[in-house]
Amino acid sequence: MRPNARNKNKRQRPLDTVGSSSQILRKIYEANDITEEDLNQLLMIHKPLCQQTSSSCRVNTRQNPNCFCALAPPPNATRKSGLWQKTSDIILQSLGPDLSSDRRCRSTPAGLTNLGATCYANSILQCLYMNAAFRGGVFSVELEVLNQFPVLDQIARLFAQLRGGVRCFVDSEAFVKTLELDNEVQQDTHEFLTLLLSLLERCLRRSGVSKAKTVVQDLFRGSVSHVTTCSKCGRDSEASSKVEDFYALELNVKGLKSLDDSLNDYLSLEHLNGDNQYFCGSCDARVDATRCIKLRTLPPVITFQLKRCVFLPKTTAKKKITSSFSFPQVLDMRSRLAESSENELTYELSAVLIHKGSAVNSGHYVAHIKDEETGLWWKFDDEEVSKLGTHPFNEGSSSSTPKSESNGASTSGNTLESEVFSSTDAYMLIYSLRRSKIESRKGQRENPIDITKGDVGDVQQPEGGYLPPHLDKWISDLNATFLEGCKQFDLRKERELNTLTERRQEVRKILSEAAVQSLEEQYFWVSTDWLRLWADTISPPALDNTPLLCSHGKFLASKITCMKRISELAWTKLESKFNGGPKLGKGDYCRECLLDGARIVVSSDSYRDRRTFMKSIAGDVLSGKCEDGEYYVSKAWLQQWVKRKNLDGPSDADAGPTNAITCSHGKLMPEQAPGAKRILVPQNFWSFLVEDALKVTPEDTSGSPCFPLDSSQCSHCTSELSEVADVEDALRTIKAKQRQNHEKLATGKGIALTPQSRYFLLPSPWLVQWRSYINMTGKNSSSVPEPELLNGVIDTLKCEKHTRLLERLPELVCKRGSFFQKSPCTDKLTIIPEDDWKCFCEEWGGIMENGVSAFVETGNNRNGSASQDVIDLENDMDVDSQQLILRTSPEVCEECIGDRESCELMQKLSYSEGDVSVCLLRGKEAPKSMLEASDSSFEVERRTSKRSRRTNYGTQTTSLKVSAATTVYQLKMMIWELLGVSKENQELHKGTQVIDQESATLADMNIFPGDKLWVRDTEIHEHRDIADEICDKKTGHRDIEAGFRGTLLTGDITSEAG
């Protein structure tokens, strides 16, 4: 036979310890004595020894006091918490992060902290710092000037920390606060660079050091002119001679593939003709002309800003262009100048600023920068700085592909070969004049470098490899403080590790000595809960055995599953170190409690046997097999008693077997009363029930009321039931008579209306309640309340001001030549015959003359009075162009109805929360059910069909929480988020009504809770990320255009200098 190996790895269940313990306790009860063997068996002393190194137990079993498994994990194993979790996690929790992890390698540049959304500033600051000439200019500023302009002082300190600090990142909070930047708002790197350089240039004018005074304009500022040339006379405009400075050239990238294409586009000719002709002063007329941008001077460091953000006129939104754009590693700009230059203007790529993300006003900036000294490229991502190697992008990058090709320029008649890179996220490109040319400069001029005049070689770049004395001392102090913190952390870490190691060794040592090897050896008991806490806690509490004690101060044998048996050696070590107690040895068990427990077990066994026998008797009673019944009990109570499980003793549910059949007078309740069904049980069964009831409620001396077979029913309760029965019989007779008098109204059948006849109008809600009342018979008849008296109900139909009818008249329809009320189920008024009205007046307290009478007439109604409510009739059979006229007395009060509906409309328009469902259509046409939705009228009460119809139109439906103040724009944003259809592509409808006014509220568009809207995806506009729209709306268009308004970058530095 094949062995069953399905559960071979499953922990085996222990032996029937409970059953064997019960047998020992019975033996103790019978002998009224406790032997040592009995005690050892109860305390499971004979269970096998189980060390913590054993693999027999996966967990610490409660059924073996000699088992110490799983109190400590195996060697080299860890746990999620406590003493045995990873050492690094314990150190982190107790001491915090390791400061030494913030130390940087001297060959790796330092990063800058991101304070929320300051990655744009971090990228620019790293580019400026990595430029040795600019860094040297900042370090050469006099101390007096630094004290005069905090922005210079902070950027110098920031550069000093990047240069000489020992931490792998520098906190930029002081610099950001000095500029008064909002660290929660993302800004544009190009705008920040332009404003920062302009601010630094203004501040540095106060310096007396030549290389610091003009370092900004000498390195970054170039000039251009906008030249307009008359095509007729060939002269340039007067404005063409004006030269404008720039810090960066803004290049188009839309539809362009490379930097060469963008530069050609930037410098290309624009033809002015037609309506855009130029007025020439020389020709004194509007003539055709050309316009272009000419590069006059180029700085040693050229910054190109790639215009990846474009405005979409159709959607009034901004979109980021993510097309691939290529740029060379080496760039020759000599042919781009307006005037030819003999100097070699060869630039090398020195930095690439990258904008990650599809949203224009969010995302993340990183900078890839080349180290001028080593030629290696580094990626600066806020605090994280990583080496890229000899290329600005990692090899195999998905967004950047290096390739070798010609950039189209020539040097000395030879084509310049250069490696070309491409990127989909590059936002700014920074090129620096070749290092060999910069190093050969002999001097520095205060004016911008005019490359066209050959003075590039005469400019000497400042050196950036040293620190001024005051910054050097400041950095030394910072580094010393940081290194001292690292040292103190290491000392605390060492102490913590020593404590941790000692505790772990202590636990393993004591657990290895805890097993008791023989029965003759002295042993002690310890609480399992405390032992687990001790074995898994770094600082365990005092030893605590009090949970094992009884009221006599000794341990309970019944607590054996909550304690462990340990050796005298292990106990001595635990007691000496953790104190506490009490000390519980071999003979410290409670003899009195053990004997009492044996008595309870025997008693429980006896009770279970008796109860099992009584259950069989109860089963016979309920099945009608028992004929010797002598006492009444509640039948429902007995049925529940049989279903309950056998227990060791009676429970609260066993009390009161006759409570349900006992009346308020303490006598037997008539069986006709609700819930008073009873059944006879034998004498022995009744005695068992009474005994249980007394045990459960010993304070109740009377016990359960006893009703023998010859007990008589309570006469008072019997009389009351008879009176109630008489009243119910009379009421049934009255209801039957009313059903007979109003046969059609009682069944809800339609009533044919005869022209020239008199009818009356009743409120439809009252008629519905009356119908439910007279048709409800039997036990639940009392659950339906009586309708109100008619006189008061009719008065509510009339206005107090004019005593006219306050409801609109129901519509009528012609079917097969007969006239009927069109919608009696939903109308507020129901038309009834005159005979029914007379009967209602007699039955429900109505006054004949006080009713609302109605006459049905046919005619063309061309001269009808204003007091008549005329209802158009569908053409059917012999009725051609006739109309049905319903005349009422009193007349309809249009004035009061209008006022009431206006108030109801205002209340409905002010809803604070409700649900509307929106259905996204996948097909071309909307279903008829959606087009027929109410889109023009306002319903005071919305009614829905009880019948649920499900139709599959290939749709997707969602429910939205809205209020009356929710705008259509906000609703479209919810739809965008949940259904994925951009706002511009949503064609939103309520029925046939188009909802397109985004500034309007839902109340303005008559959209209320419960409405069903439908939307179609037009797919006209290109899909865009919802983050763009959310960011625009969050900051607001004014805030976006404001940029750095309100910061020091746009402020007056004279106030700061004071």
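Even glycines carry a Cβ here, placed using N, Cα and C.
Feature list (source: TrEMBL):
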- 397-406: compositional bias 'Low complexity' (COMPBIAS)
- 407-417: compositional bias 'Polar residues' (COMPBIAS)
- 110-434: domain 'USP' (DOMAIN)
- 498-590: domain 'DUSP' (DOMAIN)
- 605-712: domain 'DUSP' (DOMAIN)
- 733-856: domain 'DUSP' (DOMAIN)
- 938-1013: domain 'Ubiquitin-like' (DOMAIN)
- 389-417: region 'Disordered' (REGION)
For the domain 'DUSP' (605-712), what is the mean per-residue pLDDT, to the nearest integer?
82
Just give the helix, strand and coil counts over the domain 'DUSP' (605-712), going by DSSP.
48 helix, 11 strand, 49 coil
Could you give me the DSSP helix, strand and coil counts for the domain 'DUSP' (733-856)?
51 helix, 28 strand, 45 coil
Quick one: DSSP breakdown of the domain 'DUSP' (498-590) into helix, strand and coil?
44 helix, 16 strand, 33 coil
